[in-house]
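Everything below concerns the one structure shown next.
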Amino acid sequence: MTWRSPLALVRDALQGQRARERELRSLVSNLPYEGLEKGKQPNRFFLSNAIKTTKYSLLLFLPMNLYEQFHRLANLYFVGLAILNFIPVVNAFQPEVALIPICVIMLLTALKDGWEDFRRYQSDRKVNNTPCFVYSRREKQYVERRWKDVRVGDFVQVVSNEIVPADLLLLYSSDPNGVCHIETANLDGETNLKQRIVVSGLWNLGFEPESFNSTVVCERPNSNLNHFKCFVEKPDKDKVGASIESLLLRGCTVRNTNHAVGFVVYAGHETKAMLNNNGSRYKRSKLEQKLNVDVFFCLILLFAMCLIGAFGHYLWLESLPGVPSFLVPDSNGHLDVPSLESFYMFFTMIILLQILIPISLYVSIELVKVGQIFFITNDIDLYDEETDSRVQCRALNITEDLGQIEYVFSDKTGTLTENKMVFRRCSVMGTEYPHKENGHQPARRTTAWQKAQKQGGSECTQRCGLQQSTGMKTTHQKLLQQISRAESSGGRRDGNRSFDPHLDFFLALAICNTVVVSAENAHRQRVSLLQLTRNPLETFSSLVKKAGAFFQSNKRNRTLSEDPVIDSAKTEDEADANRLRTCSLHAPSQNGSTIVEAEELCYEAESPDEAALVYAARAYGFILLARTPDSVTVRLPSGEDLVFEVLDTLTFDSNRKRMSVLVRHPVTKDYVLYTKGADYSIMELLGTPYAENFSGTEKNIAADTQYHLDCYAKEGLRTLCITKKVVSESTCQSWLGERKRAQAAMECREELITQTAVQLETNLTLLGATGIEDRLQEKVPDTIVALREAGIHVWVLTGDKPETAVNIGYACRLLEEEDLKLLFFFQVTCTAILDCTLEEVRRYRDDPRNAGTTQNISLVIDGDTLDMAKSPDLQERFVELTKHCRSVLCCRVTPLQKSAVVKLVREKLKVMTLAVGDGANDVNMIQAADVGIGISGQEGMQAVMASDFAISRFKHLKKLVLVHGHWCYTRLANMIIYFFYKNVAYVNLLFWYQFFCGFTATTMIDYWLMIFFNLFFTSTPPIMFGIFDKDVSVEVLQGVPELYRTGQGKGEYNFLTFWISILDAFYQSLVCFFIPYLAYQDSDVDLFTFGTPLNTAALFTILLHLGIEIKSWTLVHWIIMLGSVALYFIVTLAYTATCVTCNPPSNPYWILQNQMADPMFYLIVTLCTVVALLPRYTFHVLKNSVAPSPLLQGRQLDRMDPSTRDQWIKEWRGFRGGAPAKRYELSDPPSPTLETPVDFFPEFLPDSNFMGDDLSLNVITESRQRAVHT
């Protein structure tokens, strides 16, 4: 290795930093420089592919871990006191002994950190040494290398079912169409396969890495998994743009592609996967913040007691007539003055009374939370058999926040609903065709998990195997006849068919999507990337699982998607006969030679909506057979296969609310743009539906279609408009040129691409509309009702139309018929309306006749009005209004608006918020809330990966919050209060003795026993209390949700309960000290003989105090409590029998043995314990008898016979009006094309409120309707 000067090394480091910080990077192939030293490599400034996720090294572990632990103020505090004890003038004990408690705590923490880091080291080593294939110019072939040896600028070959080692720009694929299929489950949890295409203009059938002489220019690494800016500059300076569609991300798995070759653009820690690897989320819970405040109060109390001790010592020295013999002067024969002695005594008292701050509390809290999370994750009621998934706790330190939730913000699609779409209605050229039967009789299916257990099928079939056999249950006969007439009216190739709108409508359904076509002929294995980190809970859980926990290991965590179009199922015989087969996504060739039979196809879509439309088109004979980057093959009802050349795909985005596909029609050779999207984004592109320049037929079609869309929305259906546009050849070529330049741009690429899409999507021709039903999940109404009864305000934030949103609101019982409903839509005079509404609400609240009653107010607001209400001058009034609403429904809101609403409510009202969602558009909302819940649904796992907790169904939220949340909060709150009580009670025994020893910091208890008292004798019972105690049973907490309110707001752990416990600790310490003092007064007992019964009485008092607080005794409680007592006597007897001079000059030899032979010892211990606990016990008896709390009444219900208890809860709920929630079933309204009006939607919601600019606020009650117009 060539020696280099330090100056050269520094220069290279600075150059490397500047190169990595540039906005654009220019990368070239490493092959011409193979074998040269590193200093001559062109890409040497960029990171290698080796990763290191460990925190420590072997040599630096101790100093780095100590440095990290000293970031905790508590550790710094106790170490400081231990060091202070080494100063002779202020020490209270042997200096070495004072270090023991903090050393034990820090040693345990260091061992835990070291074990975690060692696991990370093992994982890093395994990942870094994974083999891969890199091209070598010397060998003229791909040679095996390790991941850690891959460099930016290398050419890497990946084969099927292999994990991608670095971020690769795709340059070649064995697929004849230049496609590579990947699975991104290791990154975002999505199991649907995604297509990646070779960079345009670079792909050929004979790719040779050595011939690649272009320059790759890409953006600086970032964590965005959905965006990538890059272009390839050829030697002739021609630039070819590349996007995320051509990037293979590290951690993805190649599927159904024999092999592919990529150019390494990012490696190691600069890859998008590593930039997104942030480990477990850390949040500070509300309880932890309150705990820190109380620790500060204890510090104040400690300093006050030390000041008293210092001042008392000064007064005692001043009162002495002379110099007593026990005051030993220094070597010079000099005695310090009383003022200086009292100053030293202040620090000595701090050392003596230091355990007033509970040193083991923080460790105990961590242990309790691990135990609580273990029981949450292993709750069988939170397990979903269909998806073989259970609840995940991704944030390990906010379990108690689940018990203090006051506001819940929920998405609708996929969160409240199944996100399994059923094709219910369609409108073609102004004629409506209902498909009512598709919405009835839910399918009875065998889940993927059950089939896999029986047959061991592959995961691909789990997702699409059941979709391939049924199509739709019913089709509309008139629509079929219309298609048949259109098919038969033209010849084989006369071109007339392409102009029939009915054919175009279903062609648009089959073509305008990103659905991947699958055929069942190739095996698809499952490869998972090693986890780079493992938190303590995962390690703990793995050990428990190995011992035989609740669930079987190695279950496959995959979701079976039901047929998105129809809910019919095969019989059991058919299901058994149709054995699970595996899928291949190798696209059929355009010449049709490998086109598989339609019955063997299955479709994998990024969203259930797309799959529903493709299956609907298939049901009418328009079968999507194949999709490549450049073509789409569709089979017509006549059996003819048409291959459409795909010129470009304008993907969906949240601003345009639509997607389009530009194709060349194989029959007419026209350039056709098929578009589908939200009705309000499509209709405005047609021009005004009633514009004068429309012909009569077009005007009627637009008006009729709009009417049908409104009716679909009132039924709660998801609506889409379908359009087409014929583009001239000159316009198309010009537009394609602009599109290519936009895709190659590095600055403002997204804006330029959006502009080109908007430029083409104009003057569209309306073909029709679709209505897709998305059913509510099971027990959603019951869950929402329970949350509201628990005092939780429920908000639903959705992008749907107001009509659809309100309909779903009634179906899920977010809105009730008896509610006072406030409807806010786009208003110019929003200020006046807010003032008017608030005045009415305040008038009701201030009316003495309404004392003790609350208004059931529900608010419905759209996105535009929400933006106005959030403005600085209106947000205070808006938040005050929502505070009085028990439910709020926000419709047509964007993902950014969702997160902004959560932040607004959380910051203005200072309340605990919870957000729940299932898709990528819910991530911002989930992260903005105090507690984020992700649902592992049909839209991938982005929401789960950004969440604190993950569940599989919305109904699980009820038990997670109302039961586990309540338990976690009450257990932890009571445990923390008990810890403070325990330490204050024990330390005060030492403090009271100072009044009788001149405040000289003398102790009447051996210091080793003092250490053991808090470290061993009384440490385990409160931990078991925090893990196992149940104040109320599951059945009562779910049956009476009102009990949850005890934890909201200040909850059980508040200023009053804290100081009551502290005062009780002072009283009990007085009793435990002065009863032995009075018993031994004027006797000749020695110091430790006086302290031993006092220490024993304190032990029994503290443990029995906990016994009073325990609500449900289990075998674990009995073992731990009795074991603590037995441990105390065994250790103390052994210590006093063997230790003569362990802590000189004191001598504890045979003290407890002599005491246990004296009846006075038992009398003192019994009397102290009874008198100390009598006030608390009496208080509990009187309180529970005179004014029992709701939780006590819940415990009384637990003592009833189960049938009697269930009947009582049922009658109580009936009295409260909490009738069982109805299952969400939409009735079948008459067809909108008939003269019968559609009255399914509530009368109080006129269309003008949604579609026009009327300035209106509707305030509706059950008995009357009134409107305030401005």
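Just so it is clear, glycine is given a Cβ too, placed from its N, Cα and C backbone atoms.
Note that this is a predicted model, so its numbers are computed, not measured.
Residues annotated as domain 'P-type ATPase N-terminal' in TrEMBL: 43-97. The transmembrane segment annotation in TrEMBL covers 73-91, 97-115, 291-316, 343-365, 993-1017, 1055-1078, 1090-1108, 1115-1136, 1156-1174. If you look up TrEMBL, you'll see ASP411, LYS412, THR413, GLU610, PHE652, LYS676, ARG718, THR798, GLY799, ASP800, ARG892, LYS898, ASN921, ASP922 marked as ATP binding site. What TrEMBL lists as active site, 4-aspartylphosphate intermediate is ASP411. According to TrEMBL, the domain 'P-type ATPase C-terminal' annotation covers 944-1188.
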Segment-segment contact (the transmembrane segment (343-365); the transmembrane segment (97-115)) at 3 or more Cβ pairs under 8 Å: yes
Average model confidence [pLDDT] within the domain 'P-type ATPase C-terminal' (944-1188): 93
Listed in sequence order, residues with CB under 8 A of ARG718 (ATP binding site) and six or more positions away: THR413, MET421, ASP609, GLY771, ILE772, GLU773, ASP774, ASP800, THR804
Residues from the same chain, set at least six apart from the ends of the transmembrane segment (993-1017), whose C-beta lies under 8 A from its own: 92-94, 97, 100-101, 104, 309-310, 312-313, 316-317, 345, 348-349, 351-352, 355, 359-360, 982-983, 986, 1073, 1077, 1087-1088, 1090-1092, 1094-1095, 1098-1099, 1124, 1127-1128, 1131-1132, 1135, 1139, 1142-1143, 1146, 1148
DSSP-derived helix, strand and coil totals, residue by residue, for the domain 'P-type ATPase N-terminal' (43-97): 24 helix, 0 strand, 31 coil
Spatial neighbours, same chain, of PHE652 (ATP binding site) - Cβ under 8 Å, 6+ residues apart: ARG658, MET659, GLY677
Tertiary neighbours of ARG892 (ATP binding site) (same chain, Cβ under 8 Å, six or more apart): THR798, GLY799, ASP800, LYS801, PRO802, ASP862, GLY863, ASP864
For ASN921 (ATP binding site), the number of other Cβ atoms found within 10 Å of its own Cβ: 20
Least buried by Cβ count (within 10 Å) of the binding-site residues ASP411, THR413, GLY799: GLY799
